[in-house]
Amino acid sequence: MVRLASLAVLGSVIATASAHTRVWGVYVNGEYQGDGIGQYVRSPPTNNPVKDLTSAAMKCNVNDAREFEVPKRVSVAGGDELSFEWYHDYRNDDIIASSHHGPIQVYMSGDDGATWTKIASDGYDTGSSTWAVDRLISAGGKHSVIIPDVPAGDYLLRAEIVALHEADVAYDQNPIRGAQNYPSCTQITVTSNGSDALPADGVKFPGAYTDSTPGIIFNIWPPNAQDPATYQVPGPAVWDKAPGGSV
């Protein structure tokens, strides 16, 4: 009986460990922009998370050798709604394991990706008692952000999931565990010419998150679960010129 129980737990762990995710493509004002993998999404080679907070992959979930411009860009204007569509292995599949509770955030940068400004953030909703990832799954893998009224030009959008199912301990203390970060960068061109330039004091990836950053270490499981209502999303506050987003 003990052996069977152990096998069941092991099977659950294996299934959970493989239930990773990345961005497939985006919509602009509800219109699908075509498959983005390696086209306008700087797609990572796998759907694996980034756990080392000092890794260059914290920027776009690609290593230095793959961090280059892909051939296309998505045209948007200030005030447009851009929706990201995540997937696991195939479009419209299970998106991500239901155990991977955590926040979803979006950052914006100039095309060089040197510094990043947070333009949307969603963590734990006390009204519905759900995490942003829970609602992402219910929404078929889609969440949205409103493009700020920035000057015309080329930009990067960095959508991010931080899965907390193993975040009870820091990765550098136990590399088997630690928060699982899923960043994904989409290339856009803003065609309108707004007046709200991105602030010069954005954060850097890697560097924005450390083990001491609130929201990186957080225990969501009993018997020592922390109250999710106290959860603080990692990183800076959302830019006050950003209209925000939704899941």
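Backbone N, Cα and C define each Cβ position, glycine as well.
The signal peptide annotation in Swiss-Prot covers 1-19 and is backed by sequence analysis.
Its own atom aside, the Cβ of TYR182 (Cu(2+) binding site) has 25 Cβ atoms within 10 angstroms in the protein chains shown. Marked as Cu(2+) binding site by Swiss-Prot on the basis of similarity to another entry: HIS20, HIS100, TYR182.
The disulfide bond annotation in Swiss-Prot covers CYS60-CYS185 and is backed by similarity to another entry.
The annotation O2 binding site is assigned in Swiss-Prot to HIS165. Its Cβ taken as reference, HIS165 (O2 binding site) is surrounded by 20 other Cβ atoms within 10 Å in the chains shown.
What Swiss-Prot records for ASN193 is N-linked glycosylation site, and it gives sequence analysis as the kind of evidence. Taking a C-beta cut-off of under 8 Å and a sequence gap of six or more, ASN193 (N-linked glycosylation site) has these contacts in its own chain: PRO151, ALA152.
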Measuring Cα to Cα, how many angstrom lie between HIS100 (Cu(2+) binding site) and HIS165 (O2 binding site)?
5
How many whole Å apart are the CA atoms of HIS165 (O2 binding site) and CYS60 (disulfide bond)?
21
Chain-mates of HIS20, HIS100, TYR182 with C-beta within 8 Å of site centroid, Cu(2+):
ALA19, THR21, ASN47, PRO49, ILE96, ALA97, ILE161, ALA163, GLN180
